[in-house]
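Here you go, one structure.
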Amino acid sequence: MTDYSKATDGTKVIHDDPWLEPYKEVIKRRHNQVKNTIQKLEESEGSLLKFSQGYEYFGFNVTKDGVIYREWLPSAHEVYLVGDFNQWNKTSHPLERDSFGRWSIFIPNNSNGECSIPHGSKIKIYLKLANGNFDYRIPAWIKRVEQTKENPVFDGVFWNPTKQYVFKNQSPAKPTELRIYEAHVGMSSELPEISTYTKFKDTVLPMVKELGYNCIQLMAIMEHAYYASFGYQVTNFFAISSRFGTPEELKEMIDTAHEMGLLVFLDVVHSHASKNVLDGLNQLDGSDHHYFHSGGRGNHDVWDSRLFNYGNWEVMRFLLSNLRFYVDEYHFDGFRFDGVTSMIYTHHGLEPACSYNDYFGGGVDEDGLNYLTLANVMLHKLNPSIITIAEEVTGLATLCRPFSEGGGDFDYRLGMGIPDKWIELVKTKKDEDWNMGSIAHMLSNRRYKEKNIAYAESHDQSLVGDKTLAFWLMDKEMYTNMSVTTEETPIIDRGMSLHKMIRIITSSLGGDGYLNFMGNEFGHPEWVDFPREGNNNSLHHARRRWDLYKDPLLRYRQLRNFDIAMNKLEQEFRWLSANPAYISLKHEDDKIIVFERAGLIFIFNFHPSKSFSDYRIGSGASGKFANALDSDREQFGGHLRIGHDNYHYTEDKPWHDRPYSLLVYVPSRTCLVLKKVE
């Protein structure tokens, strides 16, 4: 039998998973493809890291003598720089082409020694396209674009402020436990408005810190023409969303987060691009390919967007440099890669893929997988503290193992099946039909040594056509029965109880990191719907109702209190970085789940009506245990059925394959967490 524990050819991953052995040649080939690409980059570009600094060569770069502008436009016949600086003269500033299809122009400073292109002025390129026609385009590497209500098509803007923002704070140390707060700046106001980086800094960052999260994951930062796309139809990859403010204001927001001890991740969209021609990458040089595949392969029919050609040298430079740019320029600490499933399969996840034959078969887009691995290797070489997360639904084996072992070098993958399961349960199953074994399996089933971000709901579950978890549980009664001055109805009681239980069992059993979408910690009602023609361009559902939790007469505050307590307990005992839980009980009739993790014992009673006195549970440790947290406390909207000061002593009586056992009282629809005190 082959010993893979010391393998250096990319097959070390087989040591931990012998079922991979039949695919060792595929694993080895993919590993070598990345190594060969890095070697070619070293030979032709100097290194992978130098290759990822394309933004210092392409686009607009200001020197002491003037501005140099470069663009890759291989199918263009003529290219001119036009804008306010030359009164939009179509021929006065022609670019020169080299043998690689790269065009360039140098614009010297004016006679006063000042930059000839004014800061904030509009700028574009005017080019003779592949078909011979002339038209305007926005430079691919531009760092600022703006639109108006009268003209939704973006204008390029030359961004060169005299006063550059200077970061004051270092990034926080890389945490061993990730508690992620997913957020959207534009919809972070409680008013029906598009919020700003500055307002987010002043109002949301302190809330995130108070809640006990240690990382903010920002959506919709990369510029997108259509606000209702939630930021997933990117038009301008190096420009941050101008709706929310300026680059300097975003930098100050990130710097402030770092001062508070919060990491900041970017939700990066390299899986596809907007089809917009006038203000996007599509047909930038007049061809149907350029940055994308030609023909049908270059189009995502479901998303109605363009698909990158990840095997193209300049496309790799563009995308790798895009990541590097956000680290160097804005000090982002990590990335959540959107749409990874689409990137790594030629069918883009639209066909089933859940077996090793799928993971290592012909349906994998190995150029896409090669790019993603290169991206991770580059980022981790640049800074080992950078964290990367894959939004990948099929569970592709080895994706989150180190590259040196044969993996894709992601740090985490999103546990995307978990929220889907919770929504399925609350939508289609009666409480008495919930299967404890299925819930436990759903939460604990993940690949060995591949870390998982668990979540009960993200932005996906809140989108129009769906509802937040709280709204699925309590629906219209949230409009009339959330006041503490009125008697709690059975629906509100059930919804409040399950909302708390679902969140803490997901955090404690579901993975190696935890994510929450902003506002859902307090049971945000309804759904998310951005302004569009179908809702009369209303912002009513594109905001966060922070006022609900701030009102002491509403129950939302109680759910938020529980979220704070849960995060505080995790911070103390660090279950997210502990070994996987030992599940000792999944009792279908009693509806009880018991497991141990990080020295804590977690007891969940999902039964809608039965409470259990002197209920015996197993324990791997002996001693005296106390109530560390329970969901039935008054400040959490509970009924005070569990004592806080009671101690539980183990007996030398094995139970459920554990060497010790103890007796507990477990009321219906509650969770209890015990900690050892002696």
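Placement of Cβ uses the backbone N, Cα and C atoms for every residue, glycine included.
What TrEMBL shows for this protein is this:
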- 195-557: domain 'Glycosyl hydrolase family 13 catalytic' (DOMAIN)
- ASP338: active site, nucleophile (ACT_SITE)
- GLU391: active site, proton donor (ACT_SITE)
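Could you place the listed features in the three-dimensional structure?
Taken together, the residues of the domain 'Glycosyl hydrolase family 13 catalytic' (195-557) have an average pLDDT of 96.
If you take the C-beta of ASP338 (active site, nucleophile) and look for same-chain residues 6 or more apart in sequence within under 8 angstroms, you find TYR232, ASP267, VAL268, VAL269, HIS270, SER271, GLU391.
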Within 10 Å of the Cβ of GLU391 (active site, proton donor), how many other Cβ atoms can be counted across all chains shown?
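GLU391 (active site, proton donor): 20 neighbouring Cβ atoms within 10 Å.
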